[in-house]
Amino acid sequence: MIISAASDYRAAAQRTLPPFLFHYIDGGAYAEYTLRRNVEDLSQVALRQRVLKNMSDLSLETTLFNETLSMPVALAPVGLCGMYARRGEVQAAAAADAKGIPFTLSTVSVCPIEEVAPTIKRPMWFQLYVLRDRGFMRNALERAKAAGCSTLVFTVDMPTPGARYRDAHSGMSGPNAAMRRYWQAVMHPKWAWDVGLNGRPHDLGNISAYLGKPTGLEDYIGWLANNFDPSISWKDLEWIREFWDGPMVIKGILDPEDARDAVRFGADGIVVSNHGGRQLDGVLSSARALPAIADAVKGDIAILADSGIRNGLDVVRMIALGADTVLLGRAYLYALATAGKAGVANLLDLIEKEMKVAMTLTGAKSISEISGDSLVQELGKSLPAALAPMSKGDAA
């Protein structure tokens with residue numbers, strides 16, 4: 001199969017993975033309206049082509065939280081990453097490390113912090129959820145610090161899990177789920193051999209280490225359902241600073257006022273994100289939400305963005321809309337499922353090449369030169385027409 005884009009990796013991953021795993025990462029909440037709009041809205045952002053600008057000294061390098069990145073991209077936290085390739089977190093981290101960008105380990109990873117961190121030179125980032133079990137949160141923070149993690153990504157848009165209807169149909173949940181997953185694995189021998197047999201243990205490494213016992217997929221589903229804390233507020237986050245003195249990023253911001261609250265709280269960064277369309281269906285796409293948030297807090301806090309980014313052109317679009325750096329989630333997981341570390345490395349190379357083409361043809365020699373001026377402004381609006389808020393007439 002010819003691989004020339006992330007979309008090729010998606011098709012390959014669908015053939016390789018058992019349906020319960022493919023649809024778990026590919027799907028979204030409810031009718032998946034926001035999932036689709038994440039991609040569609042971003043693809044409609046029109047870039048302003050410029051020519052004869054002498055682009056011979058173009059650079060993608062940028063700095064974030066006193067770290068130098070080879071390009072403004074980091075790998076996002078993805079749960080169960082180790083179910084998509086043998087010890088998947090280790091392989092993805094290695095690809096990111098070789099490229100010179102951060103890897104973010106999920107709370108609900110298969111490989112624990114202590115397994116991943118020693119395999120890479122660059123300090124990795126660690127993602128943590130807001131949970132009822134404060135003892136687990138404290139333990140995870142202490143372990144992340146001991147392992148040399150540099151940045152905490154605190155996910156706040158999951159006070160309760162979203163309703164993902166695909167999971168019940170695919171076998172991730174629903175009637176006879178365990179039996180359905182077993183037969184799906186039998187029908188996908190490449191995955192069954194590489195991950196099902198040779199990728200063990202399939203524990204949730206960070207949770208097992210705290211609970212002192214193995215944890216499987218059923219434990220994962222039950223633990224998540226029982227531990228998210230809907231009572232959390234900004235004030236409750238203050239105690240985290242007692243245990244974490246490094247950069248802290250608040251992930252899951254879609255409203256300018258929440259972005260201002262993050263600044264007041266003293267966060268170092270935010271991630272403009274709707275959790276990849278996996279939480280609340282019908283909310284704004286990240287591309288629609290980003291410009292207003294950038295207007296509110298740009299310069300006061302680092303702005304990261306995810307959801308809908310599929311290629312290097314999308315990275316440039318997000319930066320032009322106001323992001324400093326982007327996070328890749330699904331795109332890298334498709335590549336990981338297809339070809340492990342080599343797949344992720346190739347995807348990152350493709351994104352780098354696509355970014356260079358986009359920057360060359362928009363006249364931006366550096367990341368700092370990508371701005372709203374890189375976008376086509378239509379009818380005097382401050383946003384591209386594709387992202388302008390709908391009028392009442394449009395909504396009808």
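Glycine is treated like the rest: Cβ placed from N, Cα and C.
Pulled from Swiss-Prot:
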- HIS275: active site, proton acceptor (ACT_SITE)
- TYR24, TYR129, ARG164, ARG278: substrate binding site (BINDING)
- SER106, GLN127, THR155, LYS251, 306-330: FMN binding site (BINDING)
- 1-380: domain 'FMN hydroxy acid dehydrogenase' (DOMAIN)
Segment confidence, the domain 'FMN hydroxy acid dehydrogenase' (1-380), expressed as mean pLDDT: 94
Max pairwise CA distance, angstrom, over record-listed substrate binders TYR24, TYR129, ARG164, ARG278: 19
Cα separation, TYR129 (substrate binding site) to SER106 (FMN binding site) (Å, whole number): 9
When distances run from the Cα of GLY322 (FMN binding site) to each of the recorded positions ARG164, HIS275, ARG278, the nearest one: HIS275
Shortest C-alpha distance to VAL326 (FMN binding site) - which of the recorded positions TYR24, ARG164, HIS275, ARG278: HIS275
Alpha-carbon spacing, ARG164 (substrate binding site) to ARG330 (FMN binding site), which is rounded to whole Å: 16
